[in-house]
Structures are given as structure tokens and as C-alpha cells.
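Feature list (source: Swiss-Prot):
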type	residues	note
SIGNAL	1-21	signal peptide
CARBOHYD	Asn23	N-linked glycosylation site
CARBOHYD	Asn172	N-linked glycosylation site
ACT_SITE	Glu196	active site, proton donor
CARBOHYD	Asn211	N-linked glycosylation site
DISULFID	Cys271-Cys324	disulfide bond
ACT_SITE	Glu308	active site, nucleophile
CARBOHYD	Asn411	N-linked glycosylation site
CARBOHYD	Asn441	N-linked glycosylation site
CARBOHYD	Asn456	N-linked glycosylation site
CARBOHYD	Asn554	N-linked glycosylation site
CARBOHYD	Asn679	N-linked glycosylation site
CARBOHYD	Asn735	N-linked glycosylation site
CARBOHYD	Asn775	N-linked glycosylation site
CARBOHYD	Asn821	N-linked glycosylation site
CARBOHYD	Asn878	N-linked glycosylation site
Amino acid sequence: MAHIYRLLLLLLSNLWFSAAAQNQSETEWPLHDNGLSKVVQWDHYSFQVNGQRIFIFSGEFHYWRIPVPELWRDILEKVKATGFTAFAFYSSWAYHAPNNRTVDFSTGARDITPIFELAKELGMYMIVRPGPYVNAEASAGGFPLWLTTGEYGSLRNDDPRYTAAWTPYFANMSQITSKYQVTDGHNTLVYQIENEYGQQWIGDPKDRNPNKTAVAYMELLEASALENGITVPLTSNDPNMNSKSWGSDWSNAGGNVDVAGLDSYPSCWTCDVSQCTSTNGEYVPYKVIDYYDYFQEVQPTLPSFMPEFQGGSYNPWAGPEGGCPQDTGAEFANLFYRWNIGQRVTAMSLYMLYGGTNWGAIAAPVTATSYDYSAPISEDRSIGAKYSETKLLALFTRTAKDLTMTEAIGNGTQYTTNTAVRAFELRNPQTNAGFYVTFHNDTTVGGNQAFKLHVNTSVGALTVPKNEGVIQLNGHQSKIIVTDFTLGKRTLLYSTAEVLTYAVFENRPTLVLWVPTGESGEFAIKGTKSGKVENGDGCSGINFKREKDYLVVNFSQAKGLSVLRLDNGVRVVLLDKAAAYRFWAPALTDDPIVQETETVLVHGPYLVRSASVSKSTLALRGDSVEKTTLEIFAPHSVRKITWNGKEVKTSQTPYGSLKATLAAPPTIKLPALTSWRSNDSLPERLPSYDDSGPAWIEANHMTTSNPSPPATLPVLYADEYGFHNGVRLWRGYFNGSASGVFLNIQGGSAFGWSAWLNGHFLDSHLGTATTSQANKTLTFSSSILNPTENVLLIVHDDTGHDQTTGALNPRGIIEARLLSNDTSSPAPGFTQWRIAGTAGGESNLDPIRGVFNEDGLFAERMGWHLPGFDDSAWTPENSTTSASSALSFTGATVRFFRTVVPLDIPAGLDVSISFVLSTPSAAPKGYRAQLFVNGYQYGRYNPHIGNQVVFPVPPGILDYQGDNTIGLAVWAQTEEGAGIQVDWKVNYVADSSLSVAGFGKGLRPGWTEERLKFA
């Protein structure tokens, strides 16, 4: 009876859904453009380019977090290989503007034109996001730090001072982008204005009471973009569902963009999920969010667009080593990205797709050096299960042209034979193609549920699979079941196995389907009467059953790749998940909208970067990390295969594919890290030290523009004096006696400081993961006081400027107050303060590496971290012949360790290397260390607070065919001193078209005598 009842419900619901579909198909949604061009248009369904609809599946990368331009190709080729149609990037105002007189888009890795050119070459659209504010877990949210003094107002408004500051950068960024727009045959699709600036309304957005300041600010940015040549649509991204800002469907109050979008991080943007409760509520793993109703309410005539959807999460200070990939891994990618499709989203960009590294002082205080983000492409540039899982869906969305125009017909458990499973039905009103997106009814439950699905098709209502087997949801999983799916000139009536992709060769489709290993599947193709098994690798229980208008094929797929041939010429490739992970569909065109005739199919390698056909030769570029069997499905005209420029011996299979074998790459062994030398890097603690040179500035400001004034004068905020990064040194002078000093210092989460009087160590604030300001009362022993002049040295490390409204939070000494020896006499005052920071301050002494790279340690000011510095007079450290070195000293001070190590990595390989820093078990942990590689600061190691120990350093920063200068600045914050173990390791070796040997020429300038004046 229960079964009959479900069938009756299905019949009734089918009648209602058919009527609903008819009504929806009759809806005339307006087709929008920006009034400047009709190249890019959009409507209720999706974006269109030159009249073709496109599913925008995009991912974010930050060029400024991987400052080796040759490696941008690596990242973007990996993005393209997933099947993505676009990529997005923030530009960084701070990265291009070392001071308020300079905008640099030409020096070293600041020239971003290769990114635009790669987009055209590789065939991907771009979502360009210039800010000027970008957030991004970057210091001050990407604002240049000279902006944070208060001199330019409170920021992110229409204040003329702030407007004058951002205009040169924003104009430059717009002018560069204007040369590479879709409207002129290039690939910039849209241009985002500001970032997560949900400030259009005062109070409840439903009241539509405009925030005139915010409106004016947005209009200034929009006008600047247009004045400087932007002709593609302008977009925005709401930070959450509450702000409802800048969309014309909601209101015409002013400041609106062409297409408004919504950002969402349903599993929290940080490994510390408690930080997301105010936005998402209590964290429940795999709990999904309803976006459909939001888009229907807020922007019904616009595409459902998510400029940022969760691609991972950043790891805060004190977070787990390696981040929290288990929170947003392959299962997350499988479920949440399909959930978005079920919500009718047709444009989404993953934040991040590749995170990179917070080298130098790029990071905001919320995170340490790694910006791996648990993204599909890891910080060390490797790809794994999450990348592959994302690829399974991205290739499908590139192939499923009918998915770009659908209406939501219904959803619920009535679609299935198991009430623990529900489905969302999407249907194309023009072609009647259907997409049933299935989930556990409670997505937080990850059990194994079996079911059959009630579907509407062109031959009527069916319950599938019709024959043997069931559909399974095993774990946190979703599946998209298609009906009346366009297959060239054929029709896939339905498939309970997911479609990966398809291609058409000689007018005959090759359809690729996949199921999790060991599961069964069933599909039906119209106009077919019979079929046969041509290769049964892992496939079993294959049954062909002819129906009136179609052929039903039922199968079970274990590990491997199987091939079926149908009598109407359709070839079907069946894969289990492991095989699907190694299956690729490289495009033969540079058009992001890839047609089914413009691709080949490849199985086996770790990565296929590109493919091209010339006469009878198919040229493949890619990576292999082990001995691999290469199998290719291509046009019959292809007879030869080249892999990375070399012809490989091929054989043809009985079912028409070509096979070849790729050899394993060689093993790479790194030389030992030995022959270390060291030197004292804190002479400033000594009373005899002379601070009258160019490195030092008198800190004598008696007023400040900062909205948070200090408790004592002079103003001891580092940014006031042009020193913005990391470690700054303060020398305070006073005469006569004092019993101590009260210090209150602010530096961001995980910051720290230490103090010395007349060369004698006093105390330190070691820091905690959550403390951004700390005060101490330090007592002076009479034995270390001088009767006349005394010098107090404070070494202060900050971890960047806060984001959003916290960008103006000062960095430095909030209060410095000497204490009297007795209550009857007043406390002495400081007679002078001097400050040292980055050599040259804002003058950008090293324009290649830039102002974020260095801070104020003596070693850095003197250039000890740079290639070519002569350390022959330094103290040799005990060396070993092992691959690692243990470096140690006693006493509270700063010491710099240095060695030079040659590398000779062969051409034709992509090799990834990481440094590993650790503290020996018996050594103290009260220290901070910075890792330098050929002059670049590529690691902040703080064992007292943080857990990051692995620091990837890319080729180009490392010289793979030459000498490498490795430096460590170690700041012991206690008298126990410090001990640090230094190792390095190979992450992977790939035979690759990306031959990284020789990368980075010109990016590693050496030491010059100019450094000596900053002693």
C-alpha cells in the first residue's frame, strides 16, 4: 500500500509540476545589459556572452601570495584542467603602492598583465576584483599601511582625503583591465566594485532607508571605473543575506551595480568555527543554507551569483598544524557545490581555489604564514582528492549546457522511495532537460541510504533505476541525476550514474559516466536498440534491455574503466570514482564556452594541462608523478601522441582509444643544510649603540590623526613614522633614577615584545593567539640604572593591521610611563624616543620584493638575508652531514643564522620543496623565528603560539639551478634562549611541461653596500 500511495503522490505531483513548468516557461524574464555593450548580458537564469549562456564555475587565486609570475601559469592551468570556465582574483592596493606617491604595476611580480594574457591563452573568463578594500585576511584588508594613520579619515566612504588616496591605484587597475575585456575580444567578464560592502541601508534593508555616504562612495568608484575604460558589467558581493545591498531588483536608491551577488561560507571561513556563529548560527557540520528564496526575493531578474562560496577555510594562530581540511574536504565539495546547483545557482566562485602564502608581512593578525586555506590546490601547488572531487562537478557543469537555463520545479522526499532522501527538480523550460539533485533529507547525517527516484522524462514518468540496483548516497554526498540530457544529436533519457563529461568525434558521442567504486548505475539512451561491452575493466553485471524508444543499460562498476558501444554509434565510458579522479577533458579551443566537438578525453595522468591537434598528432601537456598508463579518446585522425613535446609509443585498443606508457619521474634528493654561520642581530640593546644614523627616526609627534590617541606622549605609533611591518625597535631615553616602567603595547593577535634596559634584559610579552594588546610593569634593578642617561630598548613585533573598521587600530606603544623610586618625588619623564623599522621606511629600498618583505631587525636592515652578503667573519655553527641542522643559543637576544646551499634540479620537472621548522623536545619555546630564502621572508615560526611547522617555498624564490641563501632570524624572548631544528623536504616530483628549473631570474636581487648605512 505504501508503494501505491507513493505512486499516487508522484502522479499528482507530476501533474502539478508539469503545469508549473509550463507556467514558468511562459514567464518572460528581462534580458539585461549595462547599456555600454551587449556582449555580456544576463537574466533570471544565467550570464550570456555573445548570446551563449554559460555556467560560471570559478575559483579565486591571489597573485600577490605567489610572487613568481612563471608559476601563475601553473595555478591557472590547474584551474582550467578542472573544467572551470573562469577564475577570480583580488588585486592588492597595498602590494602596488609602497607609499602615497607611487603606484607600481611594472616591477617584478607587480606586473599583472601576464594574468590577463594567460586567461586568453588558456580560455577562461576573469572576475576582476580591484577593491580598493579586499579583506582577504590581508593586513588592513589590503589597504596600504600608510593609509592607516587616520590622516585619510575613517576610510571606505566618500571622504575627499580617502578618495584622493585610492584614485591613482584604482584608475591604474581599471586602465590595465580595460585592455583585456570581453567587450574587446579578451576575457575580463565582470569588474567588482569594493568588497563585501553591505552598507547601502541604514537600519533594516526592508525599510530601504539609504546610507547616503555609502551610496556616494560606491558611485565614486563606479564612475572611476567607467572613466578609465571599464565596459563590462560592474558587480558587488554582499557579505551575507542580511545586507541586501547594491542590487537594482531590490531598490534603485543609488550606487547600484549591474549584477549583485552573495557570499557564503556555510562551514565557517576559519578553522575556529566559533567566529562564525553571528553569521551562520551554531556550527553544525554539513548543515546547508537556503539560497533559492533569497535570490527570488532580492534579485529575481538577475542570475543567482555567488562571487565567493566556501572553498576552504583559513587557519588562525593556534589552529591545528596543516589547517582543518577535514572540515571542507572532498565530501564538502561533493555536497555543498551540488547543493548550490539545487538552489539554481549558475555562477559561483570558490574562495579559495589556490590560497598561497602570507610571505613577508602580507597577513592580517588573524592568520600566520600559511594561506593554504584547505583549498583544492594546496599551498605547495599539489592537487589531491578535493581538487579531483571539484573537477567531477566542474567538468559536468561545463558540459551540461541545459543547466544554464532552468526553473526550480519542486523539491522534497516525494521524489524518492526513501523518506531519508530528498531531491530538487530543475528543468529547462526550452529543452525539457531535467536535473534532479539528491541529498540526505538531513544533510548533517552521513549514513548510507539506498533509493529509487521518480522522474519526468520525454517518454513519461519513470522510477529509476528501472531494473536492478538502487541509487546510493553513502556519507555526506549528493548526486545529480539527469533526464533528457543533450548528447550531441542524441538524447540521454536518464542516468543514475553521474555524467562527468562527453565529447563528439566524427558525429558520434563518447559519454563518460561515473559512480563511487563498487556501486551500480543505470542509464537509458533514446534511439538505441542494442549494445555490447568492449572493455570490462572492473565492470560486472552489465545488462542491456530494449524498451520501445530507448535502450536501458544496467551495470556495476568496481575499480577501473569500462567501455560500452551502442548500436547508434554512442560510446559510453564507465568509471569508478578513483578512475574519474584521473580522467581529464582538455579543450582544443581558447573559448571558455567549450563545445562537445572541441575536446579530447584522457585517462591516467596526475594532471593534463592542455591538448592540441595538428593533422594526425595530438600534443598533450601535463604532469606524471609515477609510471602511468595513458589512455586517450580522440578523433580517428589522431595517430600520434606527444607528451610534453616528446612522442610516446602508442597502441590502439579494439574499441578505438590510444594507449601509451609514461615513465616515472626521477627521485630528487636535497643536499644537507649545513655550514651555518651566525651573528648577533640586536646590538641596539647596548647603551653604546649609536642610533643617530639613517635607520632611525626621532619619534616626537605630539598629536595624531588616529582616532585612538595614546595615553602618553609623544605618539609612539609606528605607522606615524613610516614603519609599517613586523618588528620595530624603540629606544627611549631618560635621565636619573626610576623604579620601573609601565608599558602598554598593541600589535594584533599573537604579537609580542621584549624590553632591555642599558643592555640588560627585563621581560617579554610572549603573546597569545587572541591577545592584541598587552601591558606589563617592569621593575628596574638599581644595579643596571645609570645615574645619568639610561636607554630602554623595546623590540615590538606586530602581526599586521586588523581588517574592516579595525584598519586604523594603532600599532605601537599606547602608554610608556616611568615609575618613581618613591612616592615623594615625581617620576622622571622620557627625554627622547627613536624608532627603527624597515630599512628606508616607505622609500621601497627593494622594489622587487617590496615593502612587505622586511621589517626592522638589524640583520634585515643590513641585508644579511640577501644573496651575496659576505658572512665569512661570522661564527661558524656546529655542522652535521644530515639533511637538517639544530641551531641554538642562550640568553634573551636576537641571533641571525645563515647558510648557502646549492641546488641542481634537472629541467623538465616540477619539484615542490618545503622547509620544516621544529623545536627540539628539550629546547625552550619562548622565541620567534623568521625564515628567509634568497632574501624573501617565507615563514614566521612561533612555537609558543602557533602550530605551523611546514613552510612551502616555491621555485623562483628558491633557485633550482644555483646557490640559495637561507637565513633564520631567531628572537629569544627569555633568558633560556632558543633552539630550532631546520629541515627541508621534497613535497612532490612531477615529469611536467612546467619545467621550473630557471624560474625567478630577476626576482632575487643581491646585497648592496647601500645597506651598511642602516646599521
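Cβ from N, Cα, C; glycine included.
Sequence-distant contacts (6 or more apart, same chain, Cβ under 8 Å) of Asn554 (N-linked glycosylation site) comprise Pro465, Asn467, Glu468, Gly469, Ser520, Gly521, Glu522, Gly541, Ile542, Asn543, Lys545. Using Cα positions, the member of the recorded positions Asn172, Cys271, Asn411 nearest to Asn821 (N-linked glycosylation site) is identified as Cys271. Rounded to a whole value, the Cα-Cα separation of Asn679 (N-linked glycosylation site) and Asn172 (N-linked glycosylation site) is 44 Å. Taking the Cα atom of each, Asn735 (N-linked glycosylation site) and Asn775 (N-linked glycosylation site) are about 23 angstrom apart. If you take the Cα of Asn211 (N-linked glycosylation site) and the Cα of Cys271 (disulfide bond), they are about 34 angstrom apart, rounded to a whole number. Each residue contributes its Cα atom, and for Asn172 (N-linked glycosylation site) and the residue listed as 'active site, proton donor' these two points are 22 Å apart. Using Cα positions, the member of the recorded positions Glu308, Asn441, Asn456, Asn878 nearest to Glu196 (active site, proton donor) is identified as Glu308. Nearest to Glu308 (active site, nucleophile) in space, judged by Cα atoms and limited to the recorded positions Cys271, Asn456, Asn775, Asn878, is Cys271.
You'll find the Cα of Cys271 (disulfide bond) roughly 26 Å from the Cα of Asn441 (N-linked glycosylation site).
Nearest to Asn456 (N-linked glycosylation site) in space, judged by Cα atoms and limited to the recorded positions Cys324, Asn411, Asn441, Asn775, is Asn411. When the neighbouring Cβ atoms lying within 10 Å are counted for each of the active-site residues (Glu196, Glu308), the highest count belongs to Glu308.
DSSP assigns Asn172 (N-linked glycosylation site) to a helix. Asn441 (N-linked glycosylation site) sits 52 Å from Asn775 (N-linked glycosylation site), counting Cα to Cα.
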